[in-house]
Amino acid sequence: MASCASIDIEDATQHLRDILKLDRPAGGSNVESQRPSSAYNGDLNGLLVPDPLSSGDGNSTSKPGIRTMPPINLQEKQVICLSGDDSSTCIGILAKEVEIVASSDSSISSKARGSNKVKIQPVAKYDWEQKYYYGNLIAVSNSFLAYAIRAANNGSAMVRVISVSTSERTLLKGFTGSVADLAFAHLNSPQLACLDEAGDLFVWRLALVKGKIQEEILVHIRQPEGTPLNHFRRIIWCPFIPEESEDCCEESSPTVALLHEDRAEVWDLDMLRSSHSTWPVDVSQIKQGFIVVKGHSTCLSEGALSPDGTVLATASHDGFVKFWQIYIEGQDEPRCLHEWKPHDGRPLSCLLFCDNHKKQDPEVPFWRFLITGADQNRELKMWCTVSWTCLQTIRFSPDIFSSVSVPPSLKVCLDLSAEYLILSDVQRKVLYVMELLQNQDEGRACFSSISEFLLTHPVLSFGIQVVSRCRLRHTEVLPAEEESDSLGTESSHGAGTLESAAGVLIKLFCVHTKALQDVQIRFQPQLNPDVVAPLSTHTAHEDFTFGESRPELGSEGLASAPHGSQPDLRRIVELPAPADFLSLSSETKPKLMTPDAFMTPTASLQQISASPSSSSSSSSSSSSSSSSSSSSSLTAVSAVSSSSAMDPSLPSRPPEELTLSPKLQLDGSLTISSSSSLQASPRSLLPGLLPGPADKLIPKGPGQVSSGTSALSLDLQEVEPLGLPQASPSRTRSPDVISSASTALSQDIPEIASEALSRGFGSSVPEGLIEPDSMASAASALHLLSPRPRQGPELSSQLGLDGGPGDGDRHSTPSLLEAALTQEVATSDSQVWPTAPDITRETCSTLTESPRNGLQEKHKSLAFHRPPYHLLQQHDSQDTSAEQSDHDDEVASLASASGGFGSKIPTPRLPAKDWKTKGSPRTSPKLKRKSKKDDGDSAVGSRLTEHQVVEPPEDWPALIWQQQRELAELWHNQEELLQRLCAQLEGLQSTVTDHVERALETRHEQEQRRLERALAEGQQRGGQLQEQLTQQLSQALSSAVAGRLERSIRDEIKKTVPPCVSRSLEPVAGQLSNSVATKLTAVEGSMKENISKLLKSKNLTDAIARAAADTLQGPMQAAYREAFQSVVLPAFEKSCQAMFQQINDSFRLGTQEYLQQLDSHMKSRKAREQEAREPVLAQLRGLVSTLQNATEQMAATVSSSVRAEVQHQLHVAVGSLQESILAQVQRIVKGEVSVALKEQQATVTSSIMQAMRSAAGTPVPSAHLDCQAQQAHILQLLQQGHLNQAFQQALTAADLNLVLYVCETVDPAQVFGQPPCPLSQPVLLSLIQQLASDLGTRSDLKLSYLEEAVMHLDHSDPITRDHMGSVMAQVRQKLFQFLQADPHNSLGKAARRLSLMLHGLVTPSLP
């Protein structure tokens, strides 16, 4: 945590006042509008208290399934600067517009370690590209885990599915492009839906069979061919709400919505599966089971389906959110119900409805609150869907001090209970957890805290598996510097102290840039101010209760309490308080003490629970008892005066208890009017009452104490403190928030504490615990709390409120405890609850009936040696107006704290809905305070006077002198106080009116609900009674009347009915016969006609034919099949068998006859051919012998002729080949020799020239050299590859022929074809000038060289720039003359092209 020196004092002070509910009216916005909004510096991270695990005692008024929201008045603006360490946990969000600045340690380049509250388990290694994915890369259920990857060989998209229990894996393939989104129907569902970039939908059912994952394709819908790939596609399942009667259900909703770029589609999967059995199916072939919604101008980004599937909400990049009424089964088009721009038209990226999907209360409507996000969720807004008003705005911004300020790109997800919103930044290695509170009745919802958890890599996508309550070990609660201090206390209390606090466990599966990881986060949430019952869990699990003896709690015992530990508060040091926190003099500098100063050990927890308390406790134990009145811890740290800041035993109090007693509230309203006025002038109210420095205060003598203060001191002594253990060492109270009359539940017995005890939220305090002696010991402890008391404006307002002249007015003023207890007795007269003891009555009876000498001596010593202002001093940092805090919430907080300890005497309990209206402080607390004050003035004055007479002080003159001096000061300040009182009362009228109206409305609503319940119960009881009476009456009547009635009715029927019936039926029978005959004739004719028409009708005949065909088809088919199988087939088989036998016999006989005839014919044919073959064979034998003789003769002749011819041809060929070889060799040798001789000549010539140059006194000009020698030398340079030297030597000779010799020898492509150009810029300029001097001869060669040389000029060279203009002008002139001389020359085109090039080069250089 950063140093406190960087905190702006005014801003930090204002924030602390807001946390402690100071300068904040309960119902009005007048004071809120007057107070300037101040930013909250992020260096105060960790001051808000986490919410422990609520065990619940049955008194909670919150509805199940909804996190109740305390009535918090949010500021206008707040800035939270995250620190990047484990102290950035549960940072309070206290404003309507909040800016959250990312920490520098969360950047990717940071070397900071990950959070200790995060446990990471690798699942799979894979490299994902770091970018913002609009869809989900991962889907999580209780049984399976699915994430999108790409194949290593071909890059095709796939989905890997892993079993959470067995780690078995499988792959799902068949996608087009990448996987745009994937999601399970719900956590207990095995149905996985995937959507690829082409818009194809896949729905699988996964199952684990014999240790292997089996996937079954349920739905596969393909988009048309050529659909463009788009990553703006999302899958939205209809939310699954489990029924209360079922524990777990794996059935999922059949409705799913698909968001495409320009439209949304809602599909009924059951209808699709009933109409199609094979997959895939083209979307064009589906005619029913889906509906298309269009209405956005740009691509859709998010959506949500209502639980009944009839309303679809869509968010788009055009900035609109629209709600559509949809009916899949009907023909109605989607109807837009509502639309609005939540973020002023910026692209939307988030749409979340805050519904509890774990257990939904039937009385709570869906879609009550809505979270929207824009600009990749850099801005989040909370909306009320009833009034469409923005309840809160959260903005995320980068660290302004970072070198690379990358804007956040956040992925958000809300857990099923709608209590925590989890965010990951794609650009940073961090996770944020924001706590969400809702109040359905008031229509309010807000983010109450944010926690930062550093990771090792950025999270690209994540899926929530579990968000649940857990118990944190002691080492998970305390910071690192406190763990060593807590080891001793842990060893003394055993292993039971290891689980020291309630926490939250969040299990995620996160896709990082390098791997897929199982992430578990354990942290302690923020304390919910309206339900403060952390000690109830302690009682339930460890049976930590008190007996009848009162325990004395020391700070050591409190330090070892295992509950409600909070991040370290010792990080904040030396934070001065503003002027309006305590009315101090300018010389008195307030100091902020660390919690270590308030942790002085006095007794261990075991000693506290075992040993009874004594009536005279020490100051440290008393302060510990007062500081342990509630289990909640401090929400902020503020300053205290120098007189009390140095006392480590001074108690403090949590913010839930900052409502003062009515008397002190009214008095305090005179001094602390508003934060703005007191900050401007801290001493403007009571300048006469502000003393000097604390070390210069004059000790008050006995003469300074009036009778009223003596009575007050005695009253304080008779209050017994009830010790309630503090939660943990980190819950040490703030030094300036000193426990007062409204701190300890029974120490002062204020109005709030009495109400909490009397209303019975927990176990009541035993009557034996409150005795006069114990109250006296508590008062002694209160006296010892302030070793250096000081005066304050509260004292003057307390003593001189009525403003009457004389001492009688001051003597008649009731004390703080009298006002509090008298009011409590009045408010609970009509109740049956046990009330707090009347300290005034007990004091009076003690003094008059049975005075105790020891008590009187103690009281005298305290009264005469202690200033009477010690109690009022404890209230100088609290809110002094009853309307400036929510009274009922504080009563509930105290009741929850007191209810955490068991008691042996049960107390009647009032229903949670009725206690607010019966004796509630909301029913005009000012009227009650005024009436109680007026009623108690005379009685208290008389008792005080009696006490004063009974025990007169010893130093009477000094007391009178001191009273006179104080009376003069009080009279001087009383006038100003009364004026301010009038102004304050006028300003408070509207606030009191609002309180009364709200109380009446609440009472009316409660009475209305109670009346409705009573009417319903009455109607139910009336119905039951009526049914019972009906049954009894029917039974009685049936038993009494049945026998008699049956006999009488039978006799009467026999006598009367037959004659009457016969007489009445005779005319009727005649009429019936006539009408029947008439009707029958008519019906007969009409039936004949209709039957004839019907028989002639084509439709009837067709119908009869179809019916007959349908009827006879089956029997006829069966008959034909039976007849064919039994009759036709056997007969056909027999006939075929006989036929094939006959055919076989005939074929065998015919074949035998044919073979016999063929044999005889072949024999005769053979004999005839043999007879004709004999002469032919003899003739052939003669011809063969003749041919053999001729062949031998011919072979000899041919071989001799061929040999002679071959010899002749070889002789001729060898002669010609010899001649050609000789000629070729001569030519080659001649060429080689000539070249060698030329080289030798050139070498000799060069040697001679070098010798001549060395012998001469001056260099010989190259112009006088022999042209042949120069050519030889140039040729040698060209052969050696020195082109630039060869051209330079030819150009230096100033001989155009020599230049042409070089140009002819070297090809232009060889010179200018190699980059860079080997010729220097001066050589190029000289070559251009000399070649252009005469274009009449060898024009083609010159033009080609000129064109190449001009193109290779370097215009950036200074030499070229200086001479290029003149040379180019000369060349252009020569080209012009060449064209004029011969316009029709074939080279004119090349010359004109070169002229145009030169014109472009020369023109810019001209002036």
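In case you wondered, yes, glycine gets a Cβ from its N, Cα and C as well.
Residue with Swiss-Prot feature phosphoserine, selected from SER306, SER611, SER734, SER924: SER734. Comparing SER850, SER920 with the features listed in Swiss-Prot, the residue bearing the annotation phosphoserine is SER850.
Looking at 12-71, 972-1031, 1152-1211, the stretch flagged in Swiss-Prot as coiled coil turns out to be 972-1031.
A separation of roughly 75 Å, to the nearest angstrom, links the Cα atoms of SER1386 (phosphoserine) and LYS125 (N6-acetyllysine). Its Cβ taken as reference, SER1386 (phosphoserine) is surrounded by 9 other Cβ atoms within 10 Å in the chains shown.
Counting only same-chain residues 6+ beyond the ends of the repeat 'WD 1' (174-214), those with a CB under 8 A from a CB of the stretch are 134-144, 146, 148, 150, 156-159, 161, 163, 165-166, 168, 220-223, 227, 229-235, 237, 239-240, 248-253, 256, 258, 260, 267, 269, 280, 357, 416, 465.
Of all Cβ atoms in the protein chains displayed, 10 besides its own lie within 10 Å of the Cβ of LYS125 (N6-acetyllysine). SER1386 (phosphoserine) falls within neither a helix nor a strand when secondary structure is assigned with DSSP, and so counts as coil. With DSSP states grouped into helix (H, G, I), strand (E, B) and coil, the repeat 'WD 3' (295-334) comes out at 0 helix, 17 strand, 23 coil. Mean pLDDT across the repeat 'WD 3' (295-334) comes to 89 in this model.
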